[in-house]
Amino acid sequence: MASISETSDDGSNGGDPNQKPEEPHKNPQEGKEEENQNEKPKEDDHQEEEVENVPQIPPQMPLELIVSTIATLRRCHYPTLSLLSDSFRQVISSVDLFQTRSLIGSTEPVLYTLITFTSPNFEEPRWFILQRRNNTSLQLSLVTSLPPMFPGCTTVTIGHKIYVMGGLRSLNRRAKTVFVIDCRFHTWRYLQEMQVARSYAASAVIDGMIYVVGGSTKRSDDWVEVFNVETNTWENVPSVLSPYGRSKAPFNVHFVLDNKIYILDGNNRVAYDLRGRRWEDWGPAGNQLGYFWQVLYCVVDNLLYAVVPDHLHVTPIVVYDPREMGWRPVMGVDYLPNLVYSESRMTNFGGKLMILGCYQSQARFDYYGEVNVWCVEVALERREDGEIWGKVQSLSLVNKFRKSPVFVLSRTVTV
């Protein structure tokens, strides 16, 4: 019977920094003893195929040439290359390698998803990485060097980093905590705390600045904060308070489009213009934007994509163009696998739609007492006539759990 797989640290400094006295997270090493941990994946017969196209590298090659050579290769080959020598292992865990990858344009999108387990007992959310074992197969693996997250935290990504803000501590106390994850090495460190404790807030990145909205008692002077990643400082954003939203709304559903952050606040739909610093109500009856995006959605190239139930539209994926103020079908996608999409998560994966979900609803297991997690990869193409076409490129079984998973969110970084 399969179980949750782990990513090892491979000597990449993946341990926790010193814990704060209030820090509720468990030590990452304790996670290795929990029931939901996986066995190490078995070596398959395709081990040799992973390095089939890797160029031969002389053992005495200078370190600089090793860096420039490895930087051109896909990251799925790195675990095998790290076994060749100490020099290779040193290069693969170095900052120079990732800087070189960025300079020559060989970076890749990497998907992370935050998963909690609710059956038989609730567990704090943990990060999983969707990685390629070779050129084709995908595997969803627990990142053991990262601690559990606070429930209700909000996250954004910039380059190879994930910024995590707020959430609920023990006894449902809101947190001001902020930390950043370096996805190159799976390390993390604390940043300056927010000025206001928040949970289930909305967040967005505009012009390299991180905005956090709501998740606290509603007051005009501090309901919005902005974080400068260069100076590690927070500032309140003065603005006229939205008359439409509730005071302590959990902003589970939000996205950024045209420099505005759109928020589903109960039955209200509000938008905050991050540059103009003003609120708008975009939810009156007849506003098409609110039709489909409440379940499964993400933004690609400033267009909003959503998966819709079969009875609401003739195609399973639709796209919203803010310039046209309306939804259109994504052509070429006549069907999607019958996952429970209301419990799935979709994200922009290098210009593609990547969906993680299960065929069974939460707390429902198969004959073997497991829940299978599937990944659907949908490629997108804009034709000359402006129509958006899609194609389901793959459907992959990426993990099996003995507990009931809940997909909290998915994020993509560039590494």
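Each residue, glycine too, has its Cβ placed from N, Cα and C.
What Swiss-Prot says about this one:
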- 1-58: region 'Disordered' (REGION)
- 19-45: compositional bias 'Basic and acidic residues' (COMPBIAS)
- 56-103: domain 'F-box' (DOMAIN)
- 161-208: repeat 'Kelch 1' (REPEAT)
- 210-254: repeat 'Kelch 2' (REPEAT)
- 260-309: repeat 'Kelch 3' (REPEAT)
- 311-355: repeat 'Kelch 4' (REPEAT)
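According to DSSP, the secondary structure content of the repeat 'Kelch 4' (311-355) in residues is 5 helix, 19 strand, 21 coil. As a summary of secondary structure, the domain 'F-box' (56-103) carries 31 helix, 0 strand, 17 coil according to DSSP. Looking at the repeat 'Kelch 1' (161-208) alone, the prediction's average pLDDT is 95.
Remark: secondary structure over the repeat 'Kelch 1' (161-208) totals 3 helix, 23 strand, 22 coil, with classes taken from DSSP.
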